[in-house]
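> Below is the structure I would like to discuss, written out as structure tokens.
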């Protein structure tokens, strides 16, 4: 594997050892109804049941435990990160486990339930504008003021390696899997999974799932160069508004087989379908992968790619904001 990547599979193996006693082995569930709709065998990796309600605890915990093992004589004074919510919760939880103060820079538009959860885990919240530039500038300032260490939500190698442990579990839980479908924002989970899958089972496909309104990963693959979103995207999938970055892009460029995009209505329909048929309260970000498999475009994937695992990335839903559910009921399915 290319030595220019920020992580190798060995890093994922180390992460697995580092975090396995502190996280859940999340289940893989199936749905005969969704199998019937898609004509494929679908498997759902339920990271909504993970500690803090999303996969993000894997990377955050691996990063913080790595910092401590690297400097056992003195813990970091603080850890600092920017997050739309899930990484912030995960970092807060992991920092509290290790007795380290955490500061999370959150856009004011982040779901209220995620902001409250960050505070409940003991972190201090600092608000930013929605743009990447605003979040990163404030994160740097807070890190300087607190003498803290920044833990990037998707470009930090230890975070990427931690997210890759999802694929180690899936390959054991679904031995005959033909493909994984993974939501992508900054690309930490996608990159970690791609490194792991291509190291252990190169024939297994890795597909990225992305909102059409935040399609920087698709555009980057199409153009063959890193192409960030030109402006803050508007999508219900709030967990994947970030663009892929310098560390995740080379892995995605080389190891991800294809990128599929879906509309906002497709995301809403898929999310509600999982709620109603599988009784799983996923957040819309997790619904993006389901929407992809339900989409017309996905029918171009060869029929022999039969056994597909969709990573349900999280379940931190702001129930007070679901005004779109009634509106969606009034529409025909896309």
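From the backbone N, Cα and C atoms, a Cβ is placed for every residue, glycine too.
OK, Swiss-Prot features for this one:
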- 56: active site, proton acceptor (ACT_SITE)
- 84: active site, proton acceptor (ACT_SITE)
- 13: Mg(2+) 1 binding site (BINDING)
- 31, 32, 33, 51, 52, 89, 121, 279, 316: ATP binding site (BINDING)
- 86, 154, 185, 186, 187, 188, 189, 313: pyridoxal 5'-phosphate binding site (BINDING)
- 178: Mg(2+) 2 binding site (BINDING)
- 210, 214, 216: Mn(2+) binding site (BINDING)
- 210, 214, 216: Ca(2+) 3 binding site (BINDING)
- 210, 214, 216: Mg(2+) 3 binding site (BINDING)
- 247: Ca(2+) 4 binding site (BINDING)
- 247: Mg(2+) 4 binding site (BINDING)
- 56: N6-(pyridoxal phosphate)lysine (MOD_RES)
- 113: S-nitrosocysteine (MOD_RES)
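Just tell me what is around each of these and how deep it sits.
Counting every protein chain shown, the number of other Cβ atoms lying within 10 Å of the Cβ of residue 56 (active site, proton acceptor) is 33.
Look at residue 84 (active site, proton acceptor): DSSP puts it in coil.
Sequence-distant neighbours of residue 13 (Mg(2+) 1 binding site) (same chain, six or more apart, CB under 8 Å from its CB) are 168, listed in sequence order.
Neighbour count (other Cβ atoms within 10 Å of the Cβ, all protein chains): 19 for residue 31 (ATP binding site).
Take the CB of residue 178 (Mg(2+) 2 binding site) and look out to 10 A: across all protein chains shown you find 19 other CB atoms. Annotation note: residue 178 (Mg(2+) 2 binding site) sits in a coil segment as assigned by DSSP.
Around the Cβ of residue 214 (Mn(2+) binding site), the same chain contributes 185, 229, 233, 235, 237, 240, 241, 243, each under 8 angstroms and 6 or more positions distant in sequence. In the three-state DSSP reading, residue 214 (Mn(2+) binding site) counts as helix.
Within the same chain, the residues at least 6 positions away from residue 210 (Mn(2+) binding site) whose Cβ sits under 8 Å from its Cβ are 183, 184, 216, 217, 218, 240, 259, 260, 261, 262, 288, listed in sequence order.
For residue 247 (Ca(2+) 4 binding site), the number of other Cβ atoms no farther than 10 Å from its own Cβ, over all displayed protein chains, is 21.
DSSP assigns residue 247 (Ca(2+) 4 binding site) to coil in the three-state reduction, outside any helix or strand.
Within the same chain, the residues at least 6 positions away from residue 113 (S-nitrosocysteine) whose Cβ sits under 8 Å from its Cβ are 85, 316, 317, 318, 319, 320, listed in sequence order. Residue 113 (S-nitrosocysteine) falls within a helical segment according to DSSP.
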> Which Cβ among the binding-site residues (33, 189) has the fewest C-beta neighbours inside 10 Å?
33
> Would you identify which of the recorded positions 84, 86, 154, 316 has the most other C-beta atoms lying within 10 angstroms of its C-beta?
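Of the recorded positions 84, 86, 154, 316, the highest Cβ count within 10 Å belongs to 86.
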> Quick one: Cα separation, residue 86 (pyridoxal 5'-phosphate binding site) versus residue 121 (ATP binding site), in Å?
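Residue 86 (pyridoxal 5'-phosphate binding site) and residue 121 (ATP binding site) have their Cα atoms 12 Å apart.
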> For the recorded Mg(2+) 3 site formed by 210, 214, 216, name the remaining residues of the chain with Cβ within 8 Å of the site's Cβ center, in chain order.
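Close Cβ neighbours, site residues excluded: 184, 185, 211, 213, 215, 217, 218, 219, 229, 233, 240, 243, 244, 261.
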> Check each residue in the chain of residue 313 (pyridoxal 5'-phosphate binding site) that is at least six apart in sequence and keep those whose C-beta is under 8 Å from its C-beta; list them in sequence order.
47, 48, 54, 55, 183, 189, 239, 283, 285, 286, 289
> Checking the spread of the ATP site as listed (31, 32, 33, 51, 52, 89, 121, 279, 316): what is the longest Cα-Cα distance, in whole Å?
37
